[in-house]
Amino acid sequence: MDALIAKADALGPRQKKRKIFHDSTENSVKKRTAVPKSLQDKDLALNNSSEMQLKPPAQRPCWKMQTCYSLRTRASCRRRETLSGHGGVSQSEIVEGAGQDATRGRREWKLDGGPCRSRYTRNGRHLAIVGSMGHAATFDWLTGTLHAELQLQETCRDITFLHDHSHFAVAQKKYVFIYDRDGVELHCLKAHIEPTRLEFLPYHWLLASIGNAGYLKYQDTSTGQLLVEHRTKFGACSAMTQNLHNAVIHLGHQNGCVTLWTPNLPHPAVQLLAHLGPVASVSVDPSTGGRYMATAGRDSTVKVWDCRNWKGAVREWSARGGPAELEWSQRGALAVASGGTVNVYTSPTIQQPMHGSTQPPLYLTHPIPRRPLNSVRFAPFQDVLTVGHAEGLSSVLVPGVGEPNFDSAEADPFENRKARREKEVKALLDKIQPDMITLDPELIGSLASEPKLSTTTTFDGKPPRGAETPFARLPRLERLRVQGRADESEVVDPDDTAPDGRKLTKEEKERKKMRGKGKSLKRFLRKQRKNVIDPTAVAIRAKLEKQREERKAKAKEQAGGEPRKPSALDRFARG
Amino acid sequence: MKIRVLQHDPAVHLPQRPGDPTPTSRNLDPLMHPFARARERTRALNAAKMDRMFAKPFIASLEGHVDAVEVMAKQPGSLTTVASGSWDGGVIVHHLARRSQLLHAPQAHKGKVSGVCFSREGRLFSCGVDRNIKLWSLESSHTENPQPLTVFTGKSAFNSIDHHNSDPLFATASNLVQIWDETKSLPISNLTFPTSTETITSVRFNLSETSVLASIGSDRTFTLYDIRTGKAERRVVMQMSSNALAWSPTFPTTVLLASEDHNLYTFDIRHLTAPSQIYKGHVAAVMSCDWAPTGLEFVSGGWDRTVRIWTEGRGHSPEVYHTKRMQRVSSALFTSDARFVLSGSDDGNVRVWKAKAAERLGVVTARERAAIEYRDSLKDRWKMDAEVGRVARSRHIPKPVYQAAKLKRTMLEAQRVKGGAEEKAHAGGGKASQRRSGRSWSLQSRRTHSSVKMVVPPFGNLFAQGNRRYVSEDWK
């Protein structure tokens, strides 16, 4: 069974000669009908499984379900492979099986200039390559027209096209340089010092670079101004990618952290410890709207993360042969180039959560025995994977990974010059302001959520159920109340009580009020009210109480201890 | 083994022959269009900004009058012919497209020309404070000093004139409403509300129920007459007098009043107890109003030197037009194609404006039309966005107008607060609150005897009225 699934270490010697199983009857029937039992796969028939008897009967149903599930998934994977017909097929077989036109995608470029990096334009028509020794070239790879070829004669670390193939930027030894299509140097961006990776955000017209100094810099290529520079505080960085759907920059750092950056936040929007050891490569899945991220570390593991929930990787496995380079294709296939092999995994299985470090079933593998493999790029709208290695580039056919239907309004591989110019102007008009980059791209135009912060509080001092006000934002008294430190004792004003002890009504109080005779102690207490119980206030209150008692006793003594007869003039008496 | 690998056939995606349009393909998967909403918002913002950038509504100024332009009238059935009468007694018929004069009678009347209107045959009636009504033919235009065909003489100064929609009848307003036959030299009937002795300032025939006539007078009334019965039918007394009225061309029961209290009111004449809408925006008395032929918009000109274009049913934030040189606007007019607006002002000019400030004149190609419509729908869709809405709403207005609006807001608010306090204070006594009805705005219908009270403060003191000539003395 495992023989049908290709193994990751394709360079290793094959145990058995692969036998491609062909059954025309099964293939013809399988699509539309239930397969007859005689033709069914042996694995699916659970009754045949000898393992069934090994389990105690109490665990059987659960186990059966699990087995069913795993068998089904494996079977579906295999069926997918067998249907598409290239479980572990070699490139020569694919080239042979595909038509003549598609063979253009299978190429080997021999370049002497050190390990190569490459980048496609958004429409997949043009390819830029740069060798680490300074050999840079851009060309239309479908027609084979060379646009520019430069011998920069210094270390070049990355290359990227700007909005289209008419400009490209190269991360050179000291600075970033921008060249036009003919290779004429247009700008030297001296603000970007010792850059290692470049990314261009096409809808915002921003060129982002990260360098050995660890500064993430955004340069607006439509206005030319350096928009913002963020100090990452993580040191040199050599793994960078963008999420196409929300223009967030993902950086992988030396200490194993992956950070997500937007221009308007001076700190990372998300920071997670992804690997033990430096992060070698980061990539974001465009097929699911940027929902999944894959990271590869020097600890030779590959991890897939769910960007909605960062608690642990969805799936992880170890790639053989050291740190891997990663790239997701438009249809959600993940290419992992490590050691001397490129492995491609397809979509549903990479994102299925799985315990343990089992490798997802391989879709395709291709050996490139020219280490190091330091860039993998899928060509947009093509079934082509381009791998940059020590001796140049090799592009590989990977059936079914490219988006077949392009949209002419977004990226058209067949656009002419006029359309390209028009698109450039339109894109400039539609340029999104950089401060609108957020983690949630649907934020713009959505209804504003109800503000969570409200100072309305209930009587018991707790915030109302609807509005969850954070403790730190509560008013001081509310905070004290929540803590139980508020002075809730009723303030007894000695003026409130009549000499006989009964409470005065409002009118009486008003009449008997001593105007303008605020005593300093009372004033102090009044100010201290609604506040913390502190010893001073308690002492003063006790003192006032004592004075009042004394006064009362004195008044009683003066009255001679005998109650006076009530008189009609009492209503004018004060005090 | 057959393996399918993606390959694009260039023949499908490239034009068949040179000159053919390049084929386009669409993929409506939202994942293929990242930031669709953010980009659309940017486009909406740009559309709103472009709208304001291209908002240059002023087209031309038609000269010829020596003194302030008092009245204007458009010829029914013609897009270009507009007559204007002035305080110097001159009457000019303008051809809008050629910006020329079809008729120029500099001394048509002695004193101001108080009303002009066209008959169905295209002849022009003008009336003035010299107690004459003159009938002009546009054919006699090219003479130096054209003479009227007929002169009708009345007993008192005329304030307004309007022609019947189909019959050879016209109505004039002086201290009473008179109906005249074109062929007779004396009025055929006098219409008056029994108790009214005040001046009638304007009179208009209904456009579809042609025998119904409406007038406004200096006794703050709006009166409806029927010329078949020869009687006044209904009357509404407002708190302040109206300066102009206009019947809606598409809703025959709707009438628009331009009031002295800075507001415009639409009434449904079937329910005269309350106005169907109040249009608040002017900061001084509204002097004139006119409906667009579609009945969806109307224009008003005010004592605050602005022309405002309103959407029917939307009582706030009108389009505002102004220039440095335009003085008090005493007459405003929508042209018959609803594309232009005319304003006649105290500086003696008739100005031509676009009804849509940012509209492009001239030939518009289909692509441009599509782009314009797309921009319009974008603006409409994103008008709730803070920034887009702010750009689309904001108007530069002259400082005096702005200050007056601010002051008016303050006063209204103060009055509201004070009025609320008084209401509370007087909540017990019904008599007391009734006695204060002098402060409130009341409508009285003769039939129903019901009254509606709204607090509309008098704002006569906001704008200096020293040289306000149209005010007749009798009601002050």
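Glycine residues also receive a Cβ, built from the backbone N, Cα and C atoms like all the rest.
Here is what TrEMBL says about this protein:
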- B:1-11: compositional bias 'Basic and acidic residues' (COMPBIAS)
- B:1-30: region 'Disordered' (REGION)
- B:106-146: repeat 'WD' (REPEAT)
- B:279-310: repeat 'WD' (REPEAT)
- B:322-363: repeat 'WD' (REPEAT)
- B:355-429: domain 'Sof1-like protein' (DOMAIN)
- B:415-426: compositional bias 'Basic and acidic residues' (COMPBIAS)
- B:415-450: region 'Disordered' (REGION)
Check: Which sequence positions outside the repeat 'WD' (B:322-363), separated from its termini by at least 6 residues, show Cβ-Cβ distances below 8 Å to it?
Finding: 50-63, 65-74, 76-79, 82, 84, 86, 94, 96, 287-294, 297-303, 305-307, 309, 372, 397-398, 401, 470
Check: Apart from its near flanks, which chain residues at least 6 from the ends of the region 'Disordered' (B:1-30) lie with a Cβ under 8 angstroms of it?
Finding: 36
Item checked: Close approaches to the repeat 'WD' (B:106-146) from elsewhere in its chain (Cβ under 8 angstroms; 6 or more beyond its ends) -> 66-67, 70-76, 78, 81, 83-91, 93, 152-163, 165-166, 168, 170, 172-173, 180, 182
Notebook entry, point to check: Within the repeat 'WD' (B:322-363), how many residues are helix, strand or coil going by DSSP?
Noted result: 0 helix, 17 strand, 25 coil
Next item on the list: Work out, from DSSP, the number of helix, strand and coil residues along the compositional bias 'Basic and acidic residues' (B:1-11).
Entry: 2 helix, 0 strand, 9 coil
